Each structure stands twice: as structure tokens, then as C-alpha cells.
Amino acid sequence: MKIDLTDTTASKINKALVKGRRAIGTPAVGMVLTLVIVTDEENAYDALKAANDASLEHPSRTLVVIKRVSRSPRDRTKSRLDAEVRVGADAGTGETVILRLYGEVSDHAQSVVLPLLLPDAPVVVWWSVDAPRDPAGDPLGALGQRRVTDSYAAEKPVEELKARAESYEPGDTDLAWARITPWRSMLAAALDQVDCEVVSVEVAGEEANPSVELLAMWLADRLHVHVRRAVSAGPGLTQVRLETTGGPITLHRSDGAMATLALPGQPDRAVALKRRETSELLAEELRRLDPDDTYASALRFGVDRLGGIQSASQRPEAATWTPGELPVRPVHDTPDPAAKPAGASASASAPASASAGEGDPGRPTPAQMPPVKKADPQ
Amino acid sequence: MSSSNPLRDPADRRLPRIAGPSGLVIFGVTGDLSRKKLMPAVYDLANRGLLPPGFSLVGFARREWANEDFAQEVHDAVKEHARTPFREEVWQQLIQGMRFVQGTFDDDDAFERLRETIGELDKAQGTGGNFAFYLSVPPGAFPVVIQQLKKHGLADQTGGSWRRAVIEKPFGHDLRSAEDLNTTVEEVFAPDQVFRIDHYLGKETVQNILALRFANQMFEPIWNRSYVDHVQITMAEDIGIGGRAGYYDGIGAARDVIQNHLLQLMALTAMEEPASFDADALAAEKTKVLGAVKLPGDLGANTVRGQYAEGWQGGEKAVGYLQEDGIDPKSKTDTYAAIKVEVDNRRWAGVPFYLRTGKRLGRRVTEIAVVFQRAPHSPFDHTATEELGQNAIVIRVQPDEGITVRFGSKVPGTSMEIRDVSMDFAYGESFTESSPEAYERLILDVLLGDSNLFPRTEEVELSWKILDPIEEYWDKHGRPAQYQSGTWGPVEADEMLKRDGRSWRRP
């Protein structure tokens with residue numbers, strides 16, 4: 001059932017929720033979390049639909065916060081809260097309240113949301129668009145244990161990733177990160193099957209798709225090797241190529257659904273790697289509510305340290321980053337004997353750094369080589 | 001699986017456990033279990049991205065099928081029974097590794113072809129020689145298939161690959177036959193490569209018993225003889241024996257259900273906290289409980305068996321067991337069994353565990369009810385608490401998985417009137433409405449080599465030691481009581497509890 005409330009308050013909304021639940025005969029339900037969706041009129045429908053689908057897996061109270069744009073200065077000074085309360089069949093498996101905020105109250109959305117949170121249950125805040133630069137510092141974001149952004153929806157995804165890295169707080173997460181879970185698990189499974197070391201990596205995908213950068217950063221962060229980001233026509237991610245001491249491993253997907261996994265010395269295999277719906281991504285996000293350290297680590301690796309990224313800030317920094325405590329030789333200590341194994345993709349190794357290219361009389365074969373990390377000024 | 005994989009990180013909990021390169025060979029692939037459970041489970045696993053690339057499924061049966069016919073059969077089974085939506089690209093991934101081998105179990109050529117098929121799959125699909133053999137076959141065919149696997153070198157693990165055997169209940173029909181079976185199987189497969197499927201243990205609710213007991217503080221302090229009055233474990237079916245006359249007659253409810261499912265549920269309910277959640281520690285605790293089970297001295301008074309008689313079950317007329325097709329009218333097979341046992345240890349001394357199971361009962365339900373003692377003293381007068389029963393925690397295993405807590409509460413508006421109310425946690429409400437099927441979890445565990453949820457040889461043998469004396473007693477004394485179909489069992493069962501001053505819950 002639906003209850004419309006115009007020019008209302010949080011306490012009236014709470015009363016309407018209780019009334020709605022009584023009317024459908026379920027005074028207490030096992031909702032496991034409160035999901036706060038911050039969005040605009042344009043995206044509210046899609047976001048709510050995804051949340052309702054995800055609620056099949058995670059029954060929740062969904063609060064949709066829509067900040068209305070006021071056209072005239074007079075409207076902006078007036079403050080009004082409208083709410084649409086949905087319970088029962090109209091609200092997935094939980095309850096939904098759509099909050100429309102006009103005028104001044106739209107700057108104080110947290111005051112509306114706070115009284116409507118379920119007791120004790122965790123709170124997840126999801127900005128389907130226009131995430132704040134600092135999610136944890138945002139008044140609404142501060143209410144949540146988990147803050148979900150989507151850098152895919154941003155105007156400049158790569159810049160967005162940098163901002164996320166700067167403002168990262170435990171509990172932040174990104175749907176662009178959830179999008180690559182199947183790729184990550186397939187790549188991990190692929191490395192389970194071979195006994196060799198990865199020497200370098202190339203990740204290819206469409207432009208302006210932050211999932212490609214995130215996957216590349218994760219690989220760089222975990223493997224401690226040079227990772228190059230290449231641009232392809234898409235859709236989404238199209239290929240990951242790991243150059244290893246045993247030969248190349250490639251995971252290639254050209255149509256957004258079926259991928260081919262090629263391992264050295266093994267037959268090519270088809271794997272289903274379909275691009276997923278927003279509701280599935282959201283359901284994955286809600287499955288675990290503890291901080292995602294792997295995401296944090298990958299994000300903090302930094303977009304600038306990837307090869308192949310054209311960015312103004314990148315050139316001077318690339319030569320100066322330090323490998324930290326990583327178990328590899330610092331780049332500047334010795335002339336790097338090995339640029340790349342012979343079979344490495346030409347595009348990745350072509351602009352090999354000056355230090356790496358010089359004086360390598362005893363160049364080892366790829367099999368003898370330790371995994372090498374090297375600076376790669378583009 | 002190499003442990004040094006730099007992409008694996010225990011903290012990275014989004015990455016699922018994907019089985020390594022492997023394949024599954026199903027014997028008796030045309031059977032009901034295979035069609036309704038195994039094939040859909042394989043598809044659901046693939047759909048959830050948990051199967052390795054190149055996973056192969058080999059069917060073995062007598063039917064004259066080509067690979068395509070087999071694929072079509074799997075396709076139909078998946079469309080009809082799979083839990084997750086059908087997706088073409090997942091199907092395309094699976095179909096590449098599907099093979100069918102035609103033959104009977106004593107046909108040497110067929111097993112030779114199976115060996116070639118496996119070799120071919122290793123080359124084409126990269127399964128790496130890792131295969132699990134799922135024996136979905138009648139108990140009589142077990143030894144033949146196992147011997148054939150040995151004879152044709154199919155059970156040999158070479159160069160780091162594994163070969164595993166998956167077997168279904170019944171694990172024998174008494175202690176001796178169970179021991180024989182174990183000897184037969186373990187002669188060919190190492191004990192840690194034998195997986196006995198008790199699909200109840202794959203259910204989320206059953207695994208949740210451990211979470212409920214050992215992850216919480218509020219239940220464990222009262223989980224003992226000081227507070228618990230008794231425990232009732234029920235598994236009721238509303239159906240009759242259907243077309244399984246040949247299998248069921250002579251086996252009966254106690255062997256079919258109590259020996260495996262109910263004793264396992266009891267072990268999980270009664271066991272001490274394991275040192276860790278790994279397979280050895282769990283098995284050790286379960287074995288201890290099963291070893292501590294004591295049968296009552298008077299088996300006649302503390303066990304009941306019955307046979308369903310003609311009656312109405314849920315609005316449909318049902319024939320009695322003795323009138324079913326293919327059943328000897330003089331059969332003494334039990335379709336209902338209720339037994340009382342005690343667990344003779346410090347925690348449970350004097351607390352009876354009542355186990356019951358039956359066919360054609362009121363409705364299909366499986367539950368564990370831990371019933372508590374009454375409050376030692378009540379400040380309210382007798383009339384106020386007249387309607388108050390005993391507190392209980394009920395773990396609903398199926399259907400409508402969840403937990404109910406029953407306790408007394410004041411009726412509003414009265415001066416003081418206390419009545420039972422229940423507080424409910426439903427899995428479907430608080431978590432996914434589509435939790436994985438038991439077989440998905442179990443098949444994945446087999447491929448991963450994770451034996452947490454599989455009963456071991458000792459557990460099976462201990463369970464037979466509990467049941468054998470009862471079956472022997474029944475053989476020598478009396479006949480099964482008759483109960484009307486659609487009711488909750490014979491009156492003798494009610495009387496059995498009444499003698500103890502208790503009564504069965506209506507589940």
C-alpha cells in the first residue's frame with residue numbers, strides 16, 4: 001500500500017510506516033538494514049528499482065532522498081518535505097519511503113533521515129549519482145557504516161577515482177569495484193592453475209570506465225609488477241593479459257557476455273562473464289558490511305602509477321615514486337637488467353625507461369627473472 | 001592449488017571460492033535425483049561463477065544417448081528445476097564440457113570409454129585429471145561400480161590430481177553392511193576422498209545451528225540439563241512411498257531417516273563446541289556425542305513404529321502402506337518411527353531426545369525443538385499461567401527456514417493472564433529469499449575437497465550401533481501400529497511421551 005504525505009515531518013512518516021504495516025498484517029518484519037539512496041528525480045526510478053530487486057536478498061527499509069531543485073529565489077527560502085510511504089507488495093520485501101526535499105530542508109536531509117533509520121540495524125548510504133567528494137564527511141554519509149558511490153556515473157571517472165583515494169575512509173566502496181568481482185575471481189582462479197610468476201600486465205577496456213582502472217590498480221597492487229592500461233572500444237572491460245614466466249595468460253571478452261580464458265599449455269576455455277545489473281551489484285555490496293580493505297589498497301595504489309594513462313600530473317611523479325616495503329629491488333639502485341620478457345606485448349614494453357634499457361650484458365631468460373617492478377615514465 | 005597466488009588474499013572476501021580445474025562424473029544420470037537436484041545444482045554453481053573454467057560434466061547411464069541428447073536432457077532439467085534464471089552464456093560455457101558415456105555397470109568397454117572420455121576432457125577442457133565420481137545408483141550397484149573404477153584405473157590419482165567418490169545414503173542397512181560398504185569403497189578410494197552426502201547437512205539452517213549456538217552468548221548458557229527439559233527432533237513427510245516400493249520395503253523409516261538425518265541433527269544440537277570449524281574438529285565432537293548415546297532399557301516402551309493406513313491427507317484420499325503397489329500385504333516395514341535416546345554426558349544426563357519421522361503425516365516439516373523446563377517458581381497464581389506452556393527454541397529446518405522462540409507474555413487488557421507467544425526469525429525475511437540449495441553447497445565442497453559437511457565412516461558406524469538394537473527388537477516383537485494417513489502418527493507414540501509426562505509438539 002501507498003500513503004502520500006505532503007508537507008510532512010519524520011515523525012508523521014514514522015506513524016505512517018507503523019500504520020501501513022498494521023494494515024497489511026505484519027507488525028514486525030525481519031529487515032536487516034536501512035538503505036539510504038541519495039539521488040535526483042532523473043535517476044530515482046532506476047535506483048529504486050535496483051534497490052527493490054536487491055531487497056529480495058536483503059530485506060531493508062529503503063529511504064530515497066530526492067533533493068528538488070527550486071527555480072526561483074522565493075521557492076528556495078520555503079522549505080517543504082513530501083513523502084511517499086510504501087509497504088507490502090509495493091516495496092519489494094521491505095519498506096520504502098521516498099522523500100522529496102524542497103528549499104532549505106534539502107540542506108538538512110540528515111535530520112529527516114536520522115529518525116527513520118531502523119534501530120540497531122546497519123545503515124548503507126548509496127549515491128546513485130553526484131556523490132560528494134568526501135562521502136564519510138557528508139552529513140548523510142556520516143549516518144552510514146557503508147557508503148556506496150559509483151564512479152562510473154561520474155563525469156570524469158579517473159578524476160573521481162583520485163578524489164575517492166584522497167577521501168577514503170573504511171566503509172567506502174564503489175559499484176565500479178563491485179563490477180569487476182567476476183573478473184577478479186576468474187583471474188585469481190587462472191593463477192591458481194599455473195605455477196609461474198607474473199612479469200607484467202595489460203588491462204584493456206573502454207575509455208572513461210573506472211572499472212578498468214580499478215582492475216589495473218588491483219593487479220598492480222597485488223602483483224607488484226608494471227600494469228598498463230590500454231583503451232579499447234568496449235563494451236566495458238575487454239581484455240586482461242598477464243605476461244608470466246610461463247607464457248601469457250589472457251582473459252578476453254569482446255561482447256560483454258562470453259569471455260575466453262587462455263592459459264599457457266592449456267586449451268582455451270569459454271567462461272561466462274556477463275556484465276551485471278545494478279541490482280546484482282548492490283546485492284553484492286550489501287552482502288558484507290565490513291570495510292573492504294582490498295578495495296582501499298587498490299584505490300590507494302593510485303591511477304597515476306598505471307602505465308598508459310594520459311594525465312598531466314603523471315609525468316613528473318612517475319619517476320619518483322618509491323616502491324616502499326615491497327620485496328623488489330628499488331628502481332634506482334641498479335641498472336635494471338631486464339626490460340620485459342621477449343614475448344611481452346610490444347605496446348607495453350615499447351617506451352621502456354632509460355635506466356632499464358641500458359647495459360644489460362647478462363640478460364636473463366624470462367624463466368630466471370624475478371618479478372620486476374620498474375618505473376615507466378610514458 | 002598454489003597457496004602463493006598473489007591475487008588471493010584472505011581479507012578479500014568478495015572473491016568466492018572457485019573450485020580448481022575439475023569434472024564431475026554422474027553414474028545413474030537418468031535418475032530422478034540427478035535430474036531434479038544434481039544437474040540444476042551444477043548449473044546454479046556455474047551461474048554463480050563458482051565452477052572453474054573448463055568444468056566438465058560426464059553422464060554415465062544405460063540409455064542410448066549421444067552427447068547432444070545428454071546436453072538436451074541437462075538443458076531441460078536445468079530449465080525446469082534450476083534456482084537461478086537461465087542464461088545462455090552460462091549454458092554455452094557448460095555445454096562445452098558435457099559428455100555422455102553409454103553402458104551398464106558391468107560393461108568393461110563402457111568404463112574403458114569413460115577413461116578415454118576423461119583423457120579427452122583433460123586435453124580439450126584442461127580438467128587436469130581431477131574428477132569426482134557421483135554414485136547416484138541403487139545400493140546394490142555400489143560395489144560393482146567401485147570395482148569397475150578400480151579395475152580401469154579411474155580411481156588412480158596421478159601427478160597431483162585427485163579422484164573422489166561421492167556416495168548417497170543408504171550407507172548400508174545395518175552396522176555390518178555399512179562396514180562392508182566402507183571396506184569396499186575405501187579399498188579403492190582413500191578415506192579422505194570419500195564424500196558421503198547427507199543433503200540435510202548442506203542446508204543453510206543446519207549450518208546455522210552451529211552459528212546460533214557458538215557465535216552467540218545468549219543461548220549456550222541454557223543449553224544443558226539444568227534448563228532443558230527435553231529435545232524433540234521431527235522429520236515429517238506428507239507423501240507416501242510413491243514409486244519407491246522396491247527400495248523402501250524392508251528398509252523403513254528408521255533406517256531411511258533416523259540413522260542418518262535425525263542422528264546428525266541430534267549430534268549438531270547436542271555436541272560440545274569444536275576447537276575450530278575445520279572438518280576434523282567437527283567430526284571429533286559429533287563422534288563424541290554419537291558415542292555417548294544411550295538407549296533406554298525398555299525398548300518396547302520407548303520406541304514406536306507405525307504404518308500409514310488409509311485416510312485423507314490434505315484433502316486427497318491416500319491408500320494405506322500395505323495397499324501400495326508392490327508392497328507385501330504382510331510387510332512389517334515401518335513408515336513411522338519414534339525413538340527416545342539419552343546422551344550420557346555431563347551436559348545432557350537425564351535429558352531425553354525424542355526422534356520421530358514418518359510418511360503421510362500432517363505436513364512436510366523438519367524441525368528441532370529444544371523445550372525448556374518450567375520456571376522453578378511462579379509469583380502468579382495458577383489461573384494466570386494456566387495457558388502457559390514450556391518455553392521452547394525451535395529450529396525450523398524446512399520448509400520456511402528459521403527459528404522460533406516461544407515464551408509467555410501477558411495478554412493485554414486482562415489483570416494478569418499469561419499466554420504463549422512466539423518470536424520469529426525467518427531466513428526468507430532476513431536474508432536472501434534464494435539461499436543456495438543444499439546440493440550446490442555440497443557439490444562445490446566435494447570439488448574443493450572440503451569435508452566439513454560430510455559424515456565420516458565412524459559417524460555412520462556409530463549411528464548404526466544406535467539403531468541396530470532397536471531394529472533387532474522390532475524384528476522380534478510385535479507389528480507396526482497403524483495410523484491414519486494425514487495425522488501426526490500412531491496413538492502409541494503419544495502414549496510413549498505421556499508416560500514421561502510430556503507431549504509431542506504439533507510442528
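Heads up, the Cβ atoms here are built off N, Cα and C, so glycines get one too.
TrEMBL labels come from automatic prediction, so no person has curated them.
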Among B:ASP180, B:ASP256, B:ASP344, B:ASP381, which residue does TrEMBL annotate as binding substrate together with B:HIS199, B:LYS203, B:GLU237, B:LYS359? B:ASP256
Identify which of the recorded positions B:HIS261, B:LYS359 has its Cβ surrounded by the largest number of other Cβ atoms within 10 Å, counting every protein chain shown. B:LYS359
Other C-beta atoms that fall within 10 angstroms of the C-beta of B:GLU237 (substrate binding site): 18
Would you kindly give the Cα-Cα distance separating B:LYS169 (NADP(+) binding site) and B:ASP256 (substrate binding site), rounded to the nearest Å? 8
Given a 10 Å Cβ-Cβ cut-off, pick out the one of the binding-site residues B:ARG62, B:LYS169, B:HIS199, B:LYS203 that has the most other Cβ atoms nearby. B:LYS203
Max pairwise CA distance, angstrom, over record-listed substrate binders B:HIS199, B:LYS203, B:GLU237, B:ASP256, B:LYS359: 21
Rounded Cα separation (Å) that holds between B:HIS261 (active site, proton acceptor) and B:GLU237 (substrate binding site): 13
B:GLU237 (substrate binding site) and B:LYS169 (NADP(+) binding site), Cα-Cα, nearest whole angstrom: 18
If you draw a 10 Å sphere on the Cβ of B:ASP256 (substrate binding site), how many other Cβ atoms land inside? 23
How long is the line from the C-alpha of B:GLU237 (substrate binding site) to the C-alpha of B:ARG62 (NADP(+) binding site), rounded to the nearest angstrom? 32
